[in-house]
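As given in TrEMBL:
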{"type": "TRANSMEM", "residues": "7-25", "note": "transmembrane segment"}
{"type": "TRANSMEM", "residues": "45-63", "note": "transmembrane segment"}
{"type": "TRANSMEM", "residues": "75-93", "note": "transmembrane segment"}
{"type": "TRANSMEM", "residues": "99-123", "note": "transmembrane segment"}
{"type": "TRANSMEM", "residues": "135-154", "note": "transmembrane segment"}
{"type": "TRANSMEM", "residues": "170-188", "note": "transmembrane segment"}
{"type": "TRANSMEM", "residues": "239-257", "note": "transmembrane segment"}
{"type": "TRANSMEM", "residues": "277-299", "note": "transmembrane segment"}
{"type": "TRANSMEM", "residues": "311-327", "note": "transmembrane segment"}
{"type": "TRANSMEM", "residues": "347-365", "note": "transmembrane segment"}
{"type": "TRANSMEM", "residues": "386-406", "note": "transmembrane segment"}
{"type": "TRANSMEM", "residues": "412-433", "note": "transmembrane segment"}
Amino acid sequence: MADRRTLNIVILGLGFLFIFTAFTTCGNVEHTVVKSLENSTFSGSGFHSLGIIYGVFSFSNLLAPMVVAVIGPKICMFISGLLYSGYVAVFIAPSTWALYFTSVLIGVAAALLWTAQGQFLVANSEASTINRNTGMFWALLQCSMLFGNLYIYFEWNGRTEIPDDSRRNVFLSLMVVSIVGTLSFLALSASRHEEDVLSEDEGQSLLSTPMMYKNRADSAIQDTKSDFRTIRQLLTDKTIVLLSPCMAYSGLELSFYSGVYGTCIGATAQFGAAAKGLIGISGIVVGVGEIVGGGLFGLLCKNNRFRRTSVVFLGMVVHFVAFYLIFLNTPDDAPVVFSTATQKEPFLTPSVSIALLCSFLLGLGDSCFNTQLYSILGRVYAEDSMPAFAIFKFVQSVFAAVAFFYSGYLMLTWQLLLMVILGFGGTLCFFMVERMQNFSIDLQEH
C-alpha cells in the first residue's frame, strides 16, 4: 500500500511537471509571440489572455471542490490536462476567438486541477508522510520552469523575430509534452480511502448508477454550503483583512515575474539578437530562485528562532532591489510596445547579467512571500485551513488578473511603483498579524 501511494505521488508530480513545462513556458513567451505574429487578422493579447485565466480561476476555485467530489480527482485532472493541452495548441495556428475561449476554459480547468491535486495528495498520504509527499510533488513541479524555458533559449537565441515555422515547432512540442503529462494521470491508482468510497457507492447504488452520482452531488453541495458559510465568516476576521494586502501583492508580483518581465526582456532592443532567447533563460533563473527560496526557507522556518517576519522582510528587500535594478536596466516602454522592440532608452546600458540577477531575485522573493503566507494561514486557521487557503488563492488570482489587464497599457515605471506601494503595505500588515499572534500566545502561556 505504501509503495503504491508513493508511486501515485511520483506519477502525480511527473504529470504536473509535463503539463506545467508546457503551460509555464507558454505563459512566459505568449505576449512576445502574439506581438510577432505575421497575421493582420489576429488582434489578441497575451496579457489579456492570462488575465482571463486568472480571473476565471479565482471564481471557479470556489465551486471546484463540489465538482471534484462528484466526478473524482483522477477524471478531473485528466479532463483539465486536455484543456491545458488545447490552450497550448491554439498558438500553433492562432486565432483571436480561440485564444480567449480557451483562456476561459483553462481558468476553469486550473481550479479543477489544483483542487483535485490537493485531494489526491492528501488521500495518498498519512500524517507521517504528508511532508515528504508534498516536498516530492513540489520539487517535481518547480522543475517545470527549467526544461521548457531551456528549449526556448536554444530555439530562439540569435533571432530578432519569431518566424511562423519556429513558433509552430515550439508549441507543437509543448502540446505533445502536455498531452504526455495528461495521459500519465490515467496510470494513477485509487487510494484505500477512494476504494472504500467507491465500494460504498457501489453498494448503495446497485439499482441505479445515476443515484450514486446524485448522492455524491447532494453530499458535495452540503459541504460547499458549509465552506461558503465559513468563508463568509473568515472574510470579516481581522487576521484575513490584515493579510489581504500581502495576498494582493503576491498576485501582482506573480503576474510580473510569470508573464510581464519575460516580455520586457524580449522587447529590449539593446539585447539585439539575444533578446528572444533570454526570455527562456530568464524563466529558468526565476525557477532557480523559487527552488532555492522554497528549500531554504522551508528548512529555516523549522527553527523557531527564525521568524516568519524575517523571511517576509527579506522578500520585500529582495523584491525592491530587483524592482530598482529593473527600473534602471529596462526600457520604460518594454511592456507596452506594439512591435517586438523598444524605442526608449533606460537609465543604464541594458546588461544581461543584471537582467538575469533580477529574474533570480524575483523568484527568490516570491518564494519568501508565498511560503510564509501558507505558513501563517496554516498556523492561525488550523481548523479551517481549506476556506482560508481558498480566500488566499481568490485574492491572489483576482489581483494577478487585474495586473495582467493593465500590464499592456501602463509603462514599466508605474507597474513597479504599484508593486512597491502594495508590497510595503502588505509587509507591514503581515508584521501586525505576526505581532498579534505572538501576543496571543504570550497571553495563553501566562
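From the backbone N, Cα and C atoms, a Cβ is placed for every residue, glycine too.
Since we're looking at a predicted model, the values are computed, not measured.
Here the transmembrane segment (135-154) sits against the transmembrane segment (7-25); at least 3 CB pairs are under 8 Å, leaving out pairs fewer than 6 apart in sequence. Contact between the transmembrane segment (7-25) and the transmembrane segment (386-406) is not supported: fewer than 3 Cβ pairs lie under 8 Å, counting only residues 6 or more apart in sequence.
When Cβ-Cβ distances below 8 Å are used as the criterion, the transmembrane segment (45-63) is approached by residues 27, 30-35, 99-100, 103-104, 106-108, 110-112, 114-115, 224, 228, 231, 251, 255, 258-260, 263, 390, 393-394, 397-398, 400-405, 407-408 of the same chain, each at least six residues removed from its ends. Same-chain residues lying 6 or more positions outside the transmembrane segment (239-257) and placing a CB less than 8 Å from one of its CB atoms are 50, 54, 286, 312, 319, 359, 362-363, 365-366, 369-370, 373, 376-377, 380, 388, 391-392, 395-404, 407, 415, 418-419, 422-423, 425-427, 429-430, 432-433, 436. Counting only same-chain residues 6+ beyond the ends of the transmembrane segment (277-299), those with a CB under 8 A from a CB of the stretch are 24-25, 28-29, 32, 135, 138-139, 142-146, 148-159, 257-258, 261-263, 265-266, 271, 311, 352, 355-356, 359-368, 371-372. As a quick check, the transmembrane segment (75-93) and the transmembrane segment (170-188) clear the bar of 3 or more Cβ pairs under 8 A, pairs 6 or more apart, so the two touch. Within the chain, the transmembrane segment (99-123) has long-range Cβ neighbours (under 8 A, six or more residues past its boundaries) at 8-9, 12, 16, 19, 44, 48-50, 52-57, 60-61, 63-65, 67-68, 73-74, 76-77, 79-81, 83-84, 86-87, 90, 130, 133-134, 137, 188, 191, 193-194.
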